[in-house]
Structures are given as structure tokens and as C-alpha cells.
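Colleague: Sending over a structure as C-alpha cells; questions will come in a sec.
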Amino acid sequence: MARRTSDRRTSPRMRSETLPTKHAWTLYDIETGLDICENDIPTSSSIQEHIMASTRPLGQPLNIPKWVAENSHMLKPPINNYCVYNEDVTVMIVGGPNERTDYHINETAEWFYQHKGSMLLKVVDTSLPAGQQFKDIHIHEGDMFLLPPNTPHNPVRFKDTVGIVLEQKRPEGSLDRLRWYCQNCREQVHESSFHCTDLGTQIKDAVNGFKEDREKRTCKNCGTICDTAPQPKA
């Protein structure tokens, strides 16, 4: 009598343990929250390369109130922010008041948290009908808010306030944009773009370039000269 041969195909558990497919091999980076190898079976060398790239000395916890007390001079106009960490995630501590009329457009999401006091986030919500797209979002002390990618936003910060902003490391080839809208007719007046490597410095350079060029500040639709600082409401 012939000996019966076991059929592994009848045992799902055995199949999953002994015959892994490429879809079973997905590495998850706890630092970035991204899949490392979604479609390919990783080799031992690729795993080792990732481990080596992810290994870095651990820093010490940062006490926010103590840091702010000792470094408040770094939170100065016109941008008022200081980059604390700038690796896979950029962490910025931001003070007030600020004087900006530009709207920042980031291809990745941004996370806002108010540590002290309130802030106003002026946004352009293109999901709304024309004429209703400019809106204000109030973020109070203790509040957090996640801003979707590609949302034009103008953070308005007030005196003696402190916020924290988290941003992703920009993908290769991505562009950050600063856009100015006419205060009279709401048409776009000027836009500056750059690949973000040092946000604070690059925003400052773009803002100063806009301030110094009257042609850039002139609305092509109605001829209004765009303000370079918020004007008091009448």
C-alpha cells in the first residue's frame, strides 16, 4: 500500500509559516510610520542597511517651559520659530506676535499644538464654494489641529503665546510655496516656491524678497499694492 503524502496546501497555517509570499514581508518603521518594503522580500543586507540607518544616539527629554524661558530671544519676528529637531520629523517651537501676510502651502500634513495662549490659523479651504474659501480656525491653549496637505494657511500668533508645530521631512522633489492674496479682491498676487531644507531661513528670505519688490506686491487684477504686514481692522 502506497504511503500517503501530506499535502501542505490543506494547512493554511503551515502555508503561511513555511511559504511566505512577498506580501507577508512588510517592515514597519516605528519612527516614520511608513512601510519600508511593501512589495519586495527584504534581504539580510537590506535589513542591515535599514538598521544601521535608523540607529542614532538618543537625546534627552526637552522640558518645554524651561526651554522657552531660556530661549525666548530665539522666537523673534518676522517668523518667530526655532527648529528643535530636524530629522524624519521637524519639530518647531513658535512664539508671537508675528506679522505675516503670506499663506504657506506644504505638500505634507502639519500638526499644530498650542502650549500657551491661543492662535489663529487663516486657511483657504478649496473644498468650499468660491467666496467662502477664506476661513479662520481658532486653536486655543491645549488644543491640537492637523492641517491636511496642500492647504494654504497663514498662522497668526499673538504676544506671549507659544505653540509647537510638527512637519514631515519633505519628499525628494516636493516644493513648499508661499502665496500672497490681494486684500482687496482675493486674487493671487505672488507665489514663491522652494524645496524645503531650512524652513525658517527659507521663509524669511522669501518674505523679505516680497517686501522689497513692489512689482511682486501689485495685484494684476485690481492694481492694489499688497500689504506686507497685517493692517488694523477699521
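Glycine residues also receive a Cβ, built from the backbone N, Cα and C atoms like all the rest.
According to TrEMBL:
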type: BINDING; residues: Arg100; note: O2 binding site
type: BINDING; residues: His104, Glu110, His153; note: Fe cation binding site
type: BINDING; residues: Glu110, Arg157, Glu167; note: substrate binding site
type: BINDING; residues: Cys182, Cys185, Cys219, Cys222; note: divalent metal cation binding site
Colleague: Considering only the binding-site residues His104, Glu110, Cys185, Cys219, which fall within 10 Å of Glu167 (substrate binding site) when distances are taken between Cα atoms?
Modeller: Glu110
Colleague: Test of understanding: give the count of other CB atoms lying within 10 angstroms of the CB of Cys185 (divalent metal cation binding site).
Modeller: 12
Colleague: Within 10 Å of each Cβ, count the other Cβ atoms and name the one among the binding-site residues Arg100, His104, His153, Arg157 with the highest count.
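Modeller: Sorting the candidates by Cβ neighbours within 10 Å, the top entry is Arg157.
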Colleague: How big is the Cα-to-Cα gap, in Å, between Glu110 (Fe cation binding site) and Cys185 (divalent metal cation binding site)?
Modeller: 28
Colleague: What's the CA to CA span in angstrom from His104 (Fe cation binding site) over to Arg157 (substrate binding site)?
Modeller: 15
Colleague: Suppose the divalent metal cation site is Cys182, Cys185, Cys219, Cys222. Which further residues of the same chain have a Cβ inside 8 angstroms of that site's Cβ centroid?
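Modeller: Going along the sequence, the neighbours appear as Gln183, Asn184, Arg186, Glu187, Val189, Lys220, Asn221, Gly223, Thr224.
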